[in-house]
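> Okay, handing you the structure first.
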Amino acid sequence: ANGSAVTVKMASDGMWQGENPLDFALPLLALQVAVILVITQGLALALKPLHQPRVVAEILGGILLGPSALGRWGAFRRTLFPAWSAAALDTVSGLGLLLFLFLVGLELDFRSVRRVGPRSVAIAAAGIAPPFLAAAGLVPLLDVAVPAPRRASFLPLCVFVGAALSVTALPVLACILKELSLLGVPFGDTAMAAAAVNDVFAWVLLALALAVSGGGGGEPKGPPLAPVYILASGAAFVAFMLGALRPLMARLARRLGPDRAGDLACTGAVACALLAGAATDAIGVHPVFGAFVFGLAMPREGGLAERAGEKVAPLVSGLMLPLYFATSGLHTDIDNVRGVAAWGMVALVVAVAIGGKFAGTFAVAAGTGMPRREAAALGVAMSAKGLVELIVLNIGKERKVLDDTTFAIFVIMALTTTVLATPFMTALYRRTPTATTPESDDVELKGGDACPA
């Protein structure tokens with residue numbers, strides 16, 4: 001097995017028979033996973049005194065192992081991360097992402113979102129609108145600052161850039177609030193409620209980005225109305241999952257009873273989540289969307305969804321999801337960001353991501369009675385990025401909407417905004433009694449899922 005081979009064997013016959021195990025898929029993958037976990041865990045421990053969420057360590061670990069740092073050393077790259085091994089590592093990390101999105105769907109309860117109150121909805125909408133709309137002005141500047149040939153048309157690029165700028169990472173925000181002991185206080189409740197609504201908006205934006213990007217950023221594929229067909233098919237898929245499959249699963253769970261239904265919950269739910277992912281991929285939407293919608297469709301009655309989540313979560317959040325973040329870092333080559341114009345674009349993107357979020361959130365929060373200092377801290381908190389941001393960027397790169405340099409610029413933006421969130425919130429927020437009241441007791445931190453993502 002070598003870099004030019006058409007096929008790669010799974011395992012070697014051993015070094016005693018003259019074969020290098022690192023020329024074979026399984027031993028190389030095992031070593032890659034072990035190295036990634038050790039590096040990212042070490043960085044997480046180093047950054048813990050700074051109260052940084054673990055996602056920062058995982059992305060930095062990937063960047064450290066990738067072409068921006070250790071990957072410059074040719075022997076290291078050829079030995080540990082040869083080009084032919086990328087597909088296997090990406091597939092494993094993508095499977096972890098798909099299962100994590102299934103867990104996100106399981107934990108997102110629309111009844112909780114409906115009860116958070118109009119103020120949280122207004123805060124979330126005000127935080128999304130300015131940076132999303134600013135994308136239309138950033139895209140022409142990207143063409144000037146990054147003159148690489150771009151295969152994507154204006155609309156898909158605008159939607160992907162707008163989605164990347166405007167999302168807030170609910171799990172990362174929850175981790176930051178937990179580190180600062182702000183969960184359970186009025187400020188933390190308001191921030192979590194607004195971020196939960198933001199999450200719903202984010203998935204709508206991602207679905208829109210997937211639809212308008214079609215099969216990629218190059219020449220259009222299929223009929224001219226393909227994006228319309230994709231949107232219509234996606235809407236029909238969601239309607240079937242929530243309107244037909246969910247009641248059917250609830251009836252089946254009641255008929256089987258809690259014991260027998262619990263036995264089937266994990267295996268059946270994972271199999272159906274994978275099938276849902278395959279179905280949305282066939283439609284033209286990314287597989288993660290199907291797994292997410294199936295998670296939403298799982299009935300909450302009888303603890304069925306909770307049991308499935310308890311069995312799947314440890315493997316996904318402890319092993320597979322960190323691989324996804326690390327592979328995002330591995331695909332980031334900061335050397336692509338060259339020159340004053342490109343780094344000026346990085347500064348502008350960071351400023352728009354933070355400034356747009358801050359301005360909209362602060363204006364609505366202060367206007368609805370929140371003390372100005374808390375409103376400013378909330379504006380900073382809503383700038384934290386994480387999972388959804390990286391999903392948007394990676395899918396944009398897969399579909400040739402984002403080139404390598406633009407991808408690197410936005411990964412740097414995601415890291416910067418997340419790193420700055422904790423110290424800025426610490427400086428702005430003071431734990432003093434205020435008249436701010438929580439709007440909901442339903443939005444809460446989900447155990448071990450908060451800090452990894």
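Numbers here mean position along the shown chain, with the first residue as 1.
Glycine residues also receive a Cβ, built from the backbone N, Cα and C atoms like all the rest.
Here's the feature list from TrEMBL:
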- 24-43: transmembrane segment (TRANSMEM)
- 42-424: domain 'Cation/H+ exchanger transmembrane' (DOMAIN)
- 55-75: transmembrane segment (TRANSMEM)
- 81-108: transmembrane segment (TRANSMEM)
- 120-142: transmembrane segment (TRANSMEM)
- 154-177: transmembrane segment (TRANSMEM)
- 189-212: transmembrane segment (TRANSMEM)
- 224-245: transmembrane segment (TRANSMEM)
- 342-364: transmembrane segment (TRANSMEM)
- 376-395: transmembrane segment (TRANSMEM)
- 407-429: transmembrane segment (TRANSMEM)
> Give the nonlocal contacts of the transmembrane segment (407-429) in its own chain as ranges (CB under 8 Å, at least six residues past its ends).
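Here the qualifying positions are 50-53, 55-56, 59-60, 63, 146, 161, 164-165, 169, 172-173, 176, 179-180, 182, 187, 328-329, 331-334, 336-337, 342, 345-346, 349-350, 353-354, 373-374, 376-377, 380-381, 383-386, 389-390, 393, 396-397.
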> Return the stretch with the most CB pairs under 8 A relative to the transmembrane segment (342-364), choosing among 81-108, 120-142, 224-245, 376-395.
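Maximum Cβ contact count belongs to 120-142.
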> Which bits of the chain, at least 6 residues beyond where the transmembrane segment (55-75) starts or stops, bring a Cβ under 8 A of a Cβ in it?
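That would be 35-36, 39-41, 43-44, 46-47, 81, 169, 172, 322, 325-335, 386-387, 390, 411, 414-415, 418-419, 452-453.
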